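The structure appears below as structure tokens.
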Amino acid sequence: MARGRWFHGQCGARKAAGGGSKSSPRSTENVDAHHHDAHFEEDEDCGDNEDHDACPEEGALELASAGIGISIFNIVSKIFNIPLLSIATSFVAEDISRSATKHPSSGKLELTSVSSALILAAGIGIMEALALFLGSGLFLKLMGVSPVSPMYRPAKLFLSLRALGAPANVIMLAVQGIFRGFKDTKTPVFYIGLGNLSAVALLPLLIYGFQLGITGAAISTVVSQYIITVLVLRSLSKKAVLLPPGIDQLEFCGYLKSGGMLLGRTLSILLTMTIGTSMAAWQGPTAMAAHQICLQVWLAVSLLADALAVSAQALIASSYAILDYKRVQKIAMFALQIGVFSGLALAIGLYASFGNIARLFTSDPEVLMVVKSCALFVCASQPINALAFIFDGLHYGVSDFDYVAQATIVVGVMSSLVLLWAPSVFGLAGVWAGLTTLMGLRMAAGVLRNRLHQCQEASFFCDLSEILTVCVTFLSFS
């Protein structure tokens, strides 16, 4: 019962410390599967605490404190960083195809989209760092951790240290989006791997050698983030001029306008996922443990479809910039076909192996039984997830950020209503019915946009009434 006991022990520590079950620190952490540092740090911290009942209470307290700090950091990061990454990919790909010029002496590409993204990332990162560092106490109170809680001081210290890495984290994600615009996904992955190796080397040294505990875990993550940032910036500087000669050459308007729209989209999805996790927490510790296992598998497998969406986004943005609509149509159709095929393959493979995968997380028979009851939702939703992600990538490729934001907000509201009602009737299965509804409505919104889209036109109109119509239609068939 290694993993199962670890989970129940951590939940117990939160309740004893005054955090409560409703504000589960792990809930929002799992929403952001893109942030490798959070998952990595959590695994390393918990690796020697599998049999939690035999650990001192201080160990459980530190783990719970770190979980809260990670959750807060990931919420802030996801809200502000992911939109910048998505926008940078499209803008850089369009800039390369439409107006790329080379520096007269170095021969590097001069792209205003690159310089604008980097400066915005630095500014956003500094603001995030200040907000997390100076407002750590306020964020903890919002998460339900009062100043009298034993978790308050260690969680505040952990969050303050993690805040120092916010600028590096934002710049790293922006550079990753820029490399995607160059159709180069290998370079950032390689350097992220090197950065993670540095964290692996630092973790035991700081945690056990210097006896720093979770403070050492936070420091190792921050150091690895800066190492990754330096490496990716150095690599990018070989391809493009990082900073323009004058600030008047920068173009922030497009980033800010599109970023504002995607900010609403991100908040909508984040709120919906948080409601889902909260409703799962109300079902009890066993259901919550099963939900976390299903969610981890669901998100991890969905990343494969997200990779297809990123590829389609960069390819479409390049063709769309030079008005090659026939190629845009071919790329879109090919991506959707691959999405359907890969989604079905993932669903079949996951259904056949889900029991074995679940046992990697826990051997608790009660948890495994609940996991089995939700496995059908996790597996059957894979084709839906694949198409939803790919439709998002297609919309991003043509800079159709307004529609994506409006549709996702409507979808989020409707899915949240399902999540608030269904669990009271169907239990944890109702939570997963709500999450499947979220992805199904996102896919339906993409189908609607694709049906109305005329490839020879730059854009097309679809108001909120049309979005609501397709959402209601999908729900009626569900």
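Cβ atoms here come from the backbone N, Cα and C positions, even for glycine.
If you look up TrEMBL, you'll see 1-32 marked as region 'Disordered'.
Here TrEMBL flags 12-27 as compositional bias 'Low complexity'.
According to TrEMBL, the transmembrane segment annotation covers 117-139 (among others). Distant neighbours of the transmembrane segment (117-139): 72-73, 76-77, 80-81, 84, 87-88, 91-92, 147, 152, 156, 159-160, 162-171, 173-175, 177-178, 242-243, 250, 252, 255; these residues of the same chain sit at least 6 beyond its ends, with a Cβ under 8 Å from one of its Cβ atoms.
The feature transmembrane segment is assigned by TrEMBL to 159-182 (among others).
Marked as transmembrane segment by TrEMBL: 189-208 (among others).
Under the heading transmembrane segment, TrEMBL lists 262-283 (among others).
For 295-322 (among others), the entry in TrEMBL reads transmembrane segment. A Cβ distance under 8 Å defines the sequence-distant neighbours of the transmembrane segment (295-322), meaning residues of its chain 6+ beyond its ends; these are 30-31, 33-34, 86, 89-91, 93-98, 180-181, 183, 185, 277, 328, 331-332, 335, 338-339, 342-343, 346, 350, 354, 357-358, 361, 378, 381-382, 385-386, 389-390, 392-394, 396-399, 435.
The feature transmembrane segment is assigned by TrEMBL to 334-355 (among others).
Taken from TrEMBL, the feature transmembrane segment covers 367-391 (among others).
If you look up TrEMBL, you'll see 403-422 (among others) marked as transmembrane segment. With a threshold of 8 Å between CB atoms, the same-chain residues lying at least 6 positions outside the transmembrane segment (403-422) that come near it are 261-262, 264-265, 268-269, 271-272, 275-276, 279, 392, 395-396, 429-431, 433-435, 437-438, 441-442, 445, 449, 462, 464, 467-468, 471, 475.
Counting Cβ pairs under 8 Å to the transmembrane segment (334-355), the top-ranked stretch among 159-182, 262-283, 367-391 is 367-391.
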